Amino acid sequence: TAHFEGMPGSNCTQATEFSLAGFTEDPATQVTLFLLFLLTYLVTILGNLGMITLIRASPLLHSPMYYFLGNLAFVNLCTSTIITLRMLAGVLLEKKGMAYAWCMTQVFTIDLFLVTECFLLAMMAYDRYVAICHPLLYPLVMSPERCSHLVTGSYLLGLTNGVGQAIGMSSLSFCGSSTIHLFFCDISVLISHSTSDTTLSLIILRTASSLLGVPTILVVLASYVAIISTILSISSAEGKRKAFSTCASHLTAVTTFYGALIFMYLIPRSHSFRAVDKWAAVLYTVVTPMLNPLIYSLRNQEVKEAWKRLRKTK
């Protein structure tokens, strides 16, 4: 819904910064949350850097699935640094304000990596579909050249989304001091705070969600329907277990990521931002980047074996 509290050219002082409300005003709770998010960020950095290093160093992991996973780890690193590191710095320096330019930069980069992650997860689901449902065609369908094109396309579509959202945001006005009841500059919250006509921004946001977000969800769903159907048709229990184990990690990561996104952006709500919305945002911006390397390392036998071999060579 567009807000028209003031129009460009009227008595309006353009906002030079936004105030991020965060989670709480209570000092003791702030310290607890700071330590919790600091630990989460450190685990995220170490886990994703470790995953990227392991994939590069181990010939055992030089396959399409781990090529996608390495790029997913890179995207998770970027997302976490853009959001969590800034939040930690704000709490440490007791600075809630965020400059307008930095807020717009955060919107651009978040939208870039959010869409890139959606496409990478979809590509990983498709990879598992080909591996389980059409194993004989796998080397041809998931050739190194095709995988490279798919990953490049994911980043380009993410970049297109970031540029599109930035163009939409550039036309908006924000009068006076605006308080964002969140810990980062979320585009949907910013649009609701604008004092100018938000029609263009909303059209770009909804079009991007429809053209970029929905297809990736459909690819994931279609892939897993086919995967589950194929697994159920396997006669031996051991065969079923092995087939399911190859996609269990990815299914866990996808469920966490898309579940939080759907809750945040597809479930209707009033303009007031509830506490549960903040924790849903935490789930996909802070927790998921930390969980992904843990999920893939703890539940994946190939990653465990690659780690053992790497340790033996040192």
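Each position is counted from 1, following the chain as shown.
Using the three backbone atoms N, Cα and C, a Cβ is placed for every residue, glycine included.
If you look up TrEMBL, you'll see 33-55, 67-93, 99-122, 172-191, 211-235, 247-267, 279-298 marked as transmembrane segment. Annotation source TrEMBL lists domain 'G-protein coupled receptors family 1 profile' at 47-296.
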On average, what pLDDT score does this prediction assign to the domain 'G-protein coupled receptors family 1 profile' (47-296)?
84
Of 33-55, 211-235, 247-267, whichever stretch has the most CB pairs under 8 A to the transmembrane segment (99-122):
211-235
Per the Cβ filter (under 8 Å) with a sequence gap of at least 6 from its ends, the transmembrane segment (247-267) is approached by 117, 121, 124-125, 128, 132, 188, 209, 213, 217, 220, 224, 227, 277, 280-281, 283-284, 287-288, 291-292, 295-296, 299-300
